[in-house]
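Over in TrEMBL, the protein carries these features:
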DOMAIN    8-187  domain 'Heparan sulphate-N-deacetylase deacetylase'
DOMAIN    277-526  domain 'Sulfotransferase'
ACT_SITE  LYS286  active site, for sulfotransferase activity
BINDING   SER384, TRP489, LYS505, GLY506, ARG507, ARG508, TYR509  3'-phosphoadenylyl sulfate binding site
DISULFID  CYS490-CYS500  disulfide bond
Amino acid sequence: MAFVMGNKALLETQRELRTHVPNFTFNLGFSGKFFHAGSDEEDLGDDLLLSYVKEFWWFPHMWSHMQPHLFHNQSVLAEQMLLNKKFAMEHGIPTNMGYAVAPHHSGVYPVHMQLYDAWKKVWGIKVTSTEEYPHLKPARFRRGFIHSGISVLPRQTCGLFTHTIFYKDYPGSPNELDKLINGGELFLTVLLNPISIFMTHLSNYGNDRLGLYTFKSLVMFVQTWTNLKMQTLPPIQLAQKYFSLFPSERDPLWQDPCEDKRHKDIWSKEKTCDRFPKLLVIGPQKTGTTALYLFLGMHPDLTSNYPSKETFEEIQFFNGHNYHRGIDWYMEYFPLPSNTSSDYYFEKSANYFDSEVAAQRAAALLPKAKIITILINPADRAYSWYQHQRAHDDPVALKYSFHDVITAGHDAPVKLRVLQNRCLVPGWYAIHLERWLNYYHSSQLLVLDGQMLKTEPASVMDKIQKFLGLANIINYHKILAFDPKKGFWCQLLEGGKTKCLGKSKGRRYPDMDAESQGFLREYYRDHNIELSKLLYRMGQPLPSWLREELVHTRASRCHCPDDGLLCVLKEEEEEEEGRLRDAQEGTFSV
Ligand code: A3P
């Protein structure tokens, strides 16, 4: 009668634990298909448990304990859940707790959107838990996140598994289990985490009732040796508490599911990491990113993303709200890999460059990716961006001159200040590049001279092909042609015609006024110096425009006596002198 006794003991233990932990309640998972599917005594145990149904909390654990990631079709998954729900209703099991657990952690992380959608549809699930985010080990790094309206809480490991059901057979010796509890890892888990969620299997509540033994002993040990106050909360309140304690964990950080074998095993077989890009063109905006995107797409080994309806060719996944749509959404932008098509996927989203979050997110999902950035003189970039905003009828850009925008002071209207920031901040190149270098090795990053991309795109494409290590090297001198009417290089089509970028790229507008030029030269001076140091460190050549700016910097910082013979460099500039000389000679080569 082990199961009957075990189930009685469950209730008794709950009552006992409540005297130490207010509101302590076991949360029991059910897979309806296995109800009354055991031996006679196990079936009796099932009945007994249901006779106390109101004493416990309950969560659905899938009708037949199937792993959700095996269901590609959301409606089939929902049908399975409905069977379990019907079972719950027939047996008076509450269906409104808003909490569920997926068998074997499947579908929770890595996220299987079909599971999230079916859970919400059938059960109104708001909370779940897993041991797998971001990874099972090390346990102390487990975190929570919120995705698609479902709070995913970190679950802890309690040392009891399906195979550890008898005290005397505990791996190592029974003493090992006691050590875990009495000051060992299990105790430390409770001590170091303000919220702990544990889960063990039914077999640990029958047999030797190790589940009950473990939690009772743990509570006693914690109460004896600490002054921690323990309490139990229902799942939804628990999730609210968790994310109010750890608000920074709300946003998930998607990892590459193929970097962790456990994750790969619980990821749908329909999904493949070969559907992620291997190259990101990160911008910044207005540096020639669309031209580069077109030229890359002409290469037979490279495949671009499908265009986005919202943002034209750009997916804009890593920098903004699209990230919260998850990696299934992102992958949909790339073709399913096939033997016939090339699988070197790339995407460009020009505002990744200066995003606070894109580098970290990209590196988590695409740690091996290659990254390309294009830099033009930040002053020209700012001006091109301003013209772009005017062309898009931005009322603030239409109202104020470029000079007004770049020189607006702290007391200027908020809208103008916002526009100013968006105009100028992407040009703080060194600061943004440093952020990417925090997450990617410098050998993964290629910095292109945007001026050269404009004037000698074929040579730039040679460099890129080498950087990417492509098998086929294409001679872009033969497939690009300068279009005098457009004033830019374009794709050469059969019959000698050219396909150029639309009129929004390579716009015609008056030159920047001299006063703004002077202001921006001063404004970006230190940023440009920092950039030169950074590129030097990276072993990348300085773009031509940067060399010119540095030369200008030196000239303007020299204090020339009247006879004009002697230039006195400031102390800090002396340090730079050697580098400036190299820059002038163009000897910063890789
Ligand atoms: P302007 O329109 O201000 O001249 P992005 O695609 O990143 O928004 O950059 C647009 C800029 O790309 C254009 O800015 C243009 O100067 C530059 N560009 C570089 N090569 C080009 C090309 N082959 N065709 C069109 N524009 C090109």
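Cβ coordinates come from backbone N, Cα and C, glycine included.
Everything TrEMBL records as a feature, shown here on the structure.
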{"residue": "LYS286", "record": "active site, for sulfotransferase activity", "DSSP class": "coil"}
{"residue": "SER384", "record": "3'-phosphoadenylyl sulfate binding site", "DSSP class": "helix"}
{"residue": "TRP489", "record": "3'-phosphoadenylyl sulfate binding site", "DSSP class": "strand"}
{"residue": "CYS500", "record": "disulfide bond", "DSSP class": "coil"}
{"residue": "LYS505", "record": "3'-phosphoadenylyl sulfate binding site", "DSSP class": "coil"}
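The Cβ of CYS500 has fewer other Cβ atoms within 10 Å than any other of the disulfide-bonded residues CYS490, CYS500. Most other Cβ atoms within 10 A: among the recorded positions LYS286, LYS505, ARG507, ARG508, that distinction falls to LYS286. Over the domain 'Sulfotransferase' (277-526) the predicted model carries a mean pLDDT of 96. For TYR509 (3'-phosphoadenylyl sulfate binding site), the nearest neighbour among the recorded positions LYS286, CYS490, CYS500, judged by Cα separation, is LYS286. Largest Cα-Cα distance over the residues recorded as binding 3'-phosphoadenylyl sulfate, namely SER384, TRP489, LYS505, GLY506, ARG507, ARG508, TYR509, equals 19 Å. Distance from the CA of CYS490 (disulfide bond) to the CA of LYS505 (3'-phosphoadenylyl sulfate binding site) is 12 Å. The two recorded residues, CYS500 (disulfide bond) and TRP489 (3'-phosphoadenylyl sulfate binding site), have Cα atoms 7 Å apart. By a simple count of nearby Cβ atoms, those within 10 Å, the most crowded of the binding-site residues TRP489, TYR509 is TRP489. Cα to Cα, ARG508 (3'-phosphoadenylyl sulfate binding site) and CYS490 (disulfide bond) are separated by 17 Å. SER384 (3'-phosphoadenylyl sulfate binding site) counts 21 other C-beta atoms within 10 Å of its own C-beta, drawing on all protein chains shown.
For the residue listed as 'active site, for sulfotransferase activity', the spatially nearest entry among the recorded positions SER384, TRP489, CYS490, ARG507 is SER384, judged by CA separation.
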